[in-house]
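Undergrad: Residues or ranges marked as domain 'MacB-like periplasmic core' by TrEMBL: B:21-240. Per TrEMBL, domain 'ABC3 transporter permease C-terminal' is recorded for B:290-405. Positions annotated as transmembrane segment by TrEMBL: B:21-41, B:286-311, B:331-357, B:377-400.
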Amino acid sequence: MIEIKDLHKSYKMGSNSLHVLKGINFKVEEGELVAIMGSSGSGKSTLLNILGMLDGADSGEYILDGVPIKNLSETKAAQYRNKFLGFIFQSFNLINYKSAAENVALPLYYQKVPRKERQEKALKYLERVGLKPWAEHLPSEMSGGQKQRVAIARAMAAEPKVLLADEPTGALDSKTSYEVMDLIQKINDDGNTILVVTHEEDIAHMCKRIVHLKDGVIVEDKKIEQVRAEQYV
Amino acid sequence: MFDLERWQEIFDTIRKNKLRTFLTGLSVASGIFILVILLGFGQGMRNGIENEFKQDASTSVWVWPGVTSKEYKGLNPGRRIQLVNDNFDMANAMFKSDIEYGSPRIFVRGVNVNYGKEALVYGVQGVGADFQFIENAGMIEGRFINYSDEASTAKVAIIGNKIKKDVFEKVDSPIGEFINISGIPFKVIGVFKEMEDREEERIYIPITTAQKAFNGGNRLNNMSFTLPPVENFDQAVAQAVNFKNGMRTYLQQAHIVAPEDTGAIEVWSAMEEAKRYYGLTNNIKIFFWFVGVCTIIAGVVGVSNIMMIVVKERTREIGIRKALGAKPWSIVGMILHEAIFVTAISGFGGLIFSMALLELVGPHVEVDYIMNPSVNFNVAFSTVIVLILAGTLAGFVPAWRAAKVKVIESLRDE
C-alpha cells in the first residue's frame, strides 16, 4: 500500500539546514496498523506530513497504492489527499461553526458528492463511531473524546486507502485514549490501513507493528502482539 | 459562480457567522450610503444655483449705452450715446436668426402716477410685447402687452403683484381699473409676478405709447434680447459671446465709437455670468466627488481589512479544508464568493436605502442654494460595482495567500 525508498528531507533554518529525515525505507501492506514512534525531533511528524502529501520530500521515492507521489502540484496533491488519505489530528481540527454531521460530510463536499448523499453518509459514519445522536451538535458542545471520534468519522467518510493519525490521543486522558484506540482497532479490523504517530508506549502497543524513529532514521521495525484496547474501556 | 453546492456552503458559512457578515456588510453599506448622500447634495447645490438663475431668462442679453471715453474719428470723448428705435430695428434685422425675443425699453421719467386720489410712487417703463419672456414675468392676472397694443399705442398698463397688493386691495381685481399717468388714464390689463419684490414695483406700458405720450421721441434707454435655447451649456455660452460681440460691433459702428471703447456700449449676457457659477458648482461637484472617492477608498480599505481578518480567522479552517482535499482555487473561490456576495448585497442595500432617502426627503429640502438633492442612478450603480470589484481585489490577496499556506503551518497549535 505504502512504499518508501531512501527518503530525505531537510529544513532550512536561516543559514544552516536541518537534516530531519536521513534515508527512510519502509513498506506498509494493506490492512496494517502501524505505530510510528520516536521522541520529539526524531522526524516522525515530518514523515507523516510527507506521507500525507502535506509536505514534499527532497529526494527518495514514495509510492502510494501504486501511484508515485512526486512533484505534485497543489491541485493534484489536494485531489490525492481527498481520494487516498484520511487525517486524524491531535487537536481534532474540526470546523467549529459546523455541526458534527457537517464536519463529517466536508471531505465528501470536495469529492463533489451531492448534498443528500453527503448527509446520509455522514450519519452512517457518525453511527459507526457511536455519535449519531450528536449529529447536530457543534464541536464546542462535545468532549475531547467525542470530538476525536467525529474527526475519525470524518477521516473515514471519504473512504480513503490509508488513515493517518498524528498523535490521535495526545490531547485525551487515558480512558478516552483507549476508547479512541478501540475505535481505531475496530476500523483496522475491517481491513483499513492505519498509520499512527505516537510517543506513548501503551498506545503504540495497541498497534500491530512499531516503527521506531531516531534522529531521522528507522532504528527498529518490529511486528508485535496487539494489545486490545477493549479490555481497558 | 452558479455552483449550487457552493452557494449552499456559503449560505451555511454566512448563517453561522452572522456578526462577521453583518459588520462587513455594514461597512460597505455605510460607505455607499455616505457617497450617495454626498453626491446627492452636490447635485442639489447645482440645482439650487441653477434655480437662482431662472429669474431672468438664462439666455438673456442686455444692451445699454454709456459715455465714450476715447476720441474717435474726430469725435471727442465724453459723448453720451443715445439708443434709438432704429438701432433696435436694425439689430433685429441683422441678428434675426440669432434672436428669440427682443424688446426695447424706455424709463418714463418726470411723471406722476395716480390711482383715484392715491399717488403711486412706482417706476413706469415702456417695453415691447416680448419683454414678458425676457424678464420671465409670470402673469397671474390678465395679460401682458401685445403687438397690437404696441401698434395702436394703446393706453394700457401692466402692474406688478406688489402694486396690486399695496394699492388695489379694496377691489377684487385691478383688471379694468384705471390709473392716471400725468393725467392720462391707462387701463390696467394685467398683473405680473416676479421672484423679487423690487421687480414687482413696476408699471409697464407699451413702448410706443411711452414714446408718444411722454415725449420720448424715438429714444430708447436699453434693449434686451433672449437667444434661442441650444442643447448644451458651452454652446449656449459661445452663442451668447458671439451675439454680444456682433451687437457691440454694430452699435459701435452706428454710433461712431472706437472698437476698444467698451464703456460706451455695454452688453451683458446672463449666460456668461451663469458660466462663472456653473464653474463654481462644477468645483463643488468635483469637491464632493473627491470626498466621495475618499469615502469609497476608506470603504475599500475597510473591506480589505475585514477580509484580511476574516481570512486570518479562518486560517485553521482553510488548513482543515485543504487537508480534506480542497484545491487552492476552491479556497480562493469560496472566500471571494462570500466576499462578493456580502459586498454586493450590502452595497445595493446601502444604495437603495440612500436613494430612497434622497427621493423622499430631497424634494422637501428648502435651503438657499440647495434644491432637490438627487443622484444619477447610473453613477451610484457604478460606484457600487467599483466597490464590489475593489473589495474582491482586496479580498483576493489574503485569500490567495491563505490558500497557498502549507497545511501543516495553518494547523499548527498556537
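Backbone N, Cα and C define each Cβ position, glycine as well.
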Undergrad: Restricting to the same chain and to residues at least six past its boundaries, which positions have a Cβ under 8 Å from a Cβ of the transmembrane segment (B:331-357)?
TA: 1, 6, 9-10, 13-14, 21, 24-26, 28-33, 36-37, 40, 303, 307, 310-311, 314, 318, 321-322, 375, 377, 380-381, 384, 387-388, 391-392, 395-396, 398-400, 402-403
Undergrad: What mean pLDDT does the predicted model reach across the domain 'MacB-like periplasmic core' (B:21-240)?
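TA: Result for the domain 'MacB-like periplasmic core' (B:21-240): average pLDDT 87.
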Undergrad: DSSP on the domain 'ABC3 transporter permease C-terminal' (B:290-405): how many residues come out helix, how many strand, how many coil?
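TA: Breakdown, helix to coil: 98 helix, 4 strand, 14 coil.
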